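Noted in Swiss-Prot for the protein shown:
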type     : residues                               : note
TOPO_DOM : 1-715                                  : topological domain 'Cytoplasmic'
BINDING  : Glu212, Cys324, Asp333, Asp336, Glu337 : Ca(2+) 1 binding site
TOPO_DOM : 741-751                                : topological domain 'Extracellular'
BINDING  : Glu768, Gln771, Asn794, Asp797, Glu994 : Ca(2+) 2 binding site
TOPO_DOM : 772-792                                : topological domain 'Cytoplasmic'
TOPO_DOM : 812-818                                : topological domain 'Extracellular'
TOPO_DOM : 842-850                                : topological domain 'Cytoplasmic'
TOPO_DOM : 881-889                                : topological domain 'Extracellular'
INTRAMEM : 890-930                                : intramembrane segment
TOPO_DOM : 931-942                                : topological domain 'Extracellular'
TOPO_DOM : 978-1165                               : topological domain 'Cytoplasmic'
COMPBIAS : 1132-1141                              : compositional bias 'Polar residues'
COMPBIAS : 1156-1165                              : compositional bias 'Basic and acidic residues'
Amino acid sequence: MVEKSSERFDKQMAGRLGDIDFTGVSRTRGKFVRVTSSTDPAEIYQILTKQWGLAPPHLVVALMGGDEVAQLKPWLRDTLRKGLVKAAQSTGAWILTSGLRFGITKNLGQAVRDHSLASTSPKVRVVAIGIAPWNMIQNRDLLLSAKPDHPATYPTEDLPYGAVYSLDCNHSHFILVDEDPKRPGATGEMRVKMLKHISLQRTGYGGTGSIEIPVLCLLVHGEPRILQKMYKNIQNSIPWLILAGSGGVADILVTLMDRGCWDADIVQELLINTFPDGLHSTEITSWTKLIQRILDHGHLLTVHDPEQDSELDTVILKALVKACKSQSQEAQDFLDELKLAVAWNRVDIAKSEIFSGDVQWSAQDLEEVMMEALVNDKPDFVRLFVDNGVNIKQFLTYGRLQELYCSVSEKNLLHTLLLKKNQERQAQLARKRMSGNPNNELGDRKFRFTFHEVSKVLKDFLDDTCKGFYQKLPAERMGKGRLFHSQKNLPDMDRRCEHPWRDLFLWAILQNRQEMANYFWAMGPEAVAAALVGCKIMKEMAHLATEAESARSMKNAKYEQFAMDLFSECYSNSEDRAYSLLVRKTCCWSKATVLNIATLAEAKCFFAHDGVQALLTKVWWGAMRTDTSISRLVLTFFIPPLVWTSLIKFNPEEQVSKDEGEPFAELDSLETEQALLLTDGDPVAGEGSAETAARSCSATFIRVVLRRWNRFWSAPVTVFMGNVIMYFAFLILFSYVLLLDFRPPPPYGPSAAEIILYFWVFTLVLEEIRQSFFTDEDMSILKKMKLYVEDNWNKCDMVAISLFVVGLSCRMAMSTYEAGRTVLALDFMVFTLRLIHIFAIHKQLGPKIIIVERMIKDVFFFLFFLSVWLIAYGVTTQALLHPNDPRIDWVFRRALYRPYLHIFGQIPLEEIDAAKMPDDNCTTDVQEIILGTLPPCPNIYANWLVILLLVIYLLVTNVLLLNLLIAMFSYTFQVVQENADIFWKFQRYNLIVEYHSRPALAPPFIIISHITQALLSFIKKTENTQDLLERELPSGLDQKLMTWETVQKENYLAKLEHEHRESSGERLRYTSSKVQTLLRMVGGFKDQEKRMATVETEVRYCGEVLSWIAECFHKSTLKCDRDAPKAPRSIAGSSRDQQPQGAKRQQPAGHPAYGTDKKLPFIDH
């Protein structure tokens, strides 16, 4: 239907559509259409939106009045320039004017032009549309003389007030109405019909088509003839905004609205005073009736006083809400205004005008605007909607979550990542189908992302922390990779999200919407883990961000600080529960613990927290007390029977852990919680007290002996000590074999010590295999290998073992025996350097490892600069001193090795300086030099140049470059030393985790532990052990711990809010708000003074009338049967006291009494 209508209209308008090229300074281009007064507004609207490509407006403001001869006041021009254009700019509005270059329309066009030049966003565009009568256009014949395919050239002229005017070059579109001479004013009627039609159209933010276009008329000044247009628009329920102080009809309406009385006499008096010339009595009567009818629709009238009210966009929105309130109290009727408030991001107006309590909102009413607030990044509105009834658990479905990901801006980094994953997926599907180009499937359809791409992006950022996210949805599984879900899959997307706050937090933080993400973090569960996840994502995205500003904002995100502060709040409340918070397996993050997520995010500051270090200390010492001295530990290690004495003291948990076997029903006692949370889960401790009492004393003694033995040797500190001692023994054995007992190949060797060394290395290999492949059953072998190789110390182990295997293989053959010795000697050096790893546990030596690592990186950069000078000097001196020596080994020795020795002071002057060269026999014969019979003679032709180059080389390398290296080392040391404590604590965690997971026995005895674990895995399938760093709590206790964390989070947020209120900036803002309120109150006092002055004038008028009546009765012959009543004493006394002052009082200016000029008083604005 629309297309047929368009074709019919195009035929009707053939030759009446065209472009205009404005000549002059501006040189702009516009579009025009010439219509008749009977043209359907729907067809004109179709031309604007379909043929000319204008987006449907989010607001239409029709400028009425302001085309008078009087000069515009400066403040009025500023209001229109700044206020109206700003309000239109925030939404992409249409501004309808007369389109002619005179009066206020000209000033408004200039404001639109300034906005267009300053605006950088093509989406937010202010469109100025002129609706002008054809017969009032200067040079209108030029618009008809142009060819159909060529724009009309139109000169812009500033003409004086008269019958014709030029079109304003700052307007982009014109609707030129060809009026019938028999029907004057058809242009005004066309404007009224156009506004009515636009107000019935629907548009939406985000393309939802859900909002009726709000239309508003702005009255500036205005002649009486505008009242007819105003009344017709009011009959169409279009609200009006009246600009106070602009003069004309606008001031008349403002005055009457302030007085609250619009009797005919008062209205006529105001008309006569405002327009003293050119009005007949019949016109005054007609205008008076129109004014009274207009004022009867006060709900559609709003006054804007630029001196007192807020900005114009605020007043426009209030006017629209006011018009809606007067018509209905249903929530559905306020959705358009609410959506407009969302579009303008005016949450203050939404709170004060829409959510004031007059309207009852349901969750279903707010779902649509909630989506718009999410898509358009309006966190204040999201918070407002949640506070007013939106239930996130009911609101967020997988379908809506997918729509949120599909709405990501193309300029956002997330869009690039999702697009990349989608292209990889399409390429994979194309390879399976063997169909060539993977993009053929896309066509011209709108691009959409699925959860497959989202899960892949999260996998890149969070690794196993997001395992299973959005990967098991029925729609995704049945869709088979298609971009759009089939109809039978759509109902699956209506399923509600299991963790809505987590999903929204991830969606917001992936787009770097930090304020939105902060709100979702504050509302969601497991806040410490979520903050660390946000820290990890922000760090990863900061590396990928191409724009410096985005990368800087991502790096400045304070999610690690949030995690630290919240954990501090938890730790100060309860240390035991805080420990459990660190090691419990989370529900929302794929069973990962807080410590796992912190490790993934490399949150060094979080690990440096006292609470985290206290837990690590407890884990490090195992069941032993943390105040056990090292001397006692060493003594017990070498004399194991001391473990059953009081030399080693254990924690009291072993006495409480007997309750572990009881059901997890009693959770109200803190002691019971500690027993459940902090026990090490020893199977021996799980026996009931009754069974213990029934056993014999000998059985009890054996159990205690075995328990203390197991607790001592399974502690990570004991495991570490055993590994260190045995590793030193390994290095001693290795050095002994290399130096004293490295026998020839079989049958002479190897010796018994060397065979023991081979077996020792074999146990080391078994341990490395266990660490790499026997860690997580759910992980693929390739993934396990990748994680193993990522650790630098594991790389060192792989190099050491590989060299040992190569050396052992070469050592067994006589031909490669010496090569095998060489390789094993180098391998010993690698094994010895592996000792650096044990320093990480020491508080002073641990940071030094980081310093050495950083300095090695600095050395590589230094060597680049050094090699440039070294090669330049070495090659040059070799060419100058020994041009006849063709031996390659000596060329490299003199060109590279000798200049390198110069740096350390080894300068053989007898080989460089001709004055100190010895008189030895030498030759210049190449053959003798190659045979080595005589040394080559140095060339002394340019020996002075060699000396000069040596001086420059030593100056640059020994003074400049070496001092540069020292400065780099000093800077690295200073940076690391400032954060030495943080680096050490992070290293310490990794070391504790490593030795916590290691078997109790050290190599080579570790093979016993490996055999034991293998047998247990075959017999019991799973090991019956509890990991102190990963605990899966019972559901009741886990829920209680989550509730406790939520309470601490609320306390933390309350403290943040209190600190924010007490900050100097917030206090200044609060004081400023109070001052503004006081100023508004003072402005109200002025209004009251004006009202009181009016009342005084009226009372004085009434008194004079009464005095006149009394005097008339007194002079007449009429008499009353009784005497006149006497005035009360208070009034009489007051009259006598105030009589002298009243005699001298002057009448207020602008409020004359009836007795002086016989005119009714009115308030003069």
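Cβ atoms here come from the backbone N, Cα and C positions, even for glycine.
Shown here: features listed in Swiss-Prot, placed on the structure.
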residue: Glu212; record: Ca(2+) 1 binding site; CB count, 10 Å: 17
residue: Asp336; record: Ca(2+) 1 binding site; CB count, 10 Å: 18
residue: Glu337; record: Ca(2+) 1 binding site; CB count, 10 Å: 25
residue: Glu768; record: Ca(2+) 2 binding site; CB count, 10 Å: 16
residue: Gln771; record: Ca(2+) 2 binding site; CB count, 10 Å: 18
residue: Asn794; record: Ca(2+) 2 binding site; CB count, 10 Å: 15
residue: Asp797; record: Ca(2+) 2 binding site; CB count, 10 Å: 22
residue: Glu994; record: Ca(2+) 2 binding site; CB count, 10 Å: 18
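Secondary structure by DSSP for the topological domain 'Extracellular' (931-942): 1 helix, 1 strand, 10 coil. Taking Cβ pairs closer than 8 Å, the topological domain 'Extracellular' (881-889) reaches residues 911-912, 924, 926, 929-930, 936-939, 946 in its own chain, all 6 or more past its ends. For the recorded site, Glu212 (Ca(2+) 1 binding site), the DSSP three-state label reads strand. Across the range of the topological domain 'Cytoplasmic' (772-792), the DSSP-based residue counts are 13 helix, 0 strand, 8 coil. The helix, strand and coil residue counts that DSSP assigns across the topological domain 'Extracellular' (881-889) are 3 helix, 0 strand, 6 coil. Among residues of the same chain six or more beyond the topological domain 'Extracellular' (741-751), those with a C-beta under 8 A of the stretch's C-beta atoms are 758, 811-814, 817, 821, 824. The two recorded residues, Glu994 (Ca(2+) 2 binding site) and Asp336 (Ca(2+) 1 binding site), have Cα atoms 60 Å apart. Spacing of Gln771 (Ca(2+) 2 binding site) relative to Glu212 (Ca(2+) 1 binding site) is 65 Å (Cα to Cα, whole number). In this structure the C-alpha atoms belonging to Asn794 (Ca(2+) 2 binding site) and Glu212 (Ca(2+) 1 binding site) are separated by 65 Å. DSSP assigns Asp336 (Ca(2+) 1 binding site) to a helix. Each of Glu767, Ser772, Tyr788, Asp791, Trp793 belongs to the same chain as Glu768, Gln771, Asn794, Asp797, Glu994, is absent from that list, and has a C-beta within 8 angstroms of the C-beta centroid marking the Ca(2+) 2 site.
Counting residue by residue with DSSP, the topological domain 'Extracellular' (812-818) contains 2 helix, 0 strand, 5 coil. Outside the topological domain 'Cytoplasmic' (772-792), and at least 6 residues removed from its termini, the chain residues within Cβ reach (under 8 Å) are 464, 467, 798.
DSSP labels the residues of the topological domain 'Cytoplasmic' (842-850) in these numbers: 5 helix, 0 strand, 4 coil.
Comparing Asp336 (Ca(2+) 1 binding site) with Asp797 (Ca(2+) 2 binding site), their Cα atoms are 68 Å apart once rounded.
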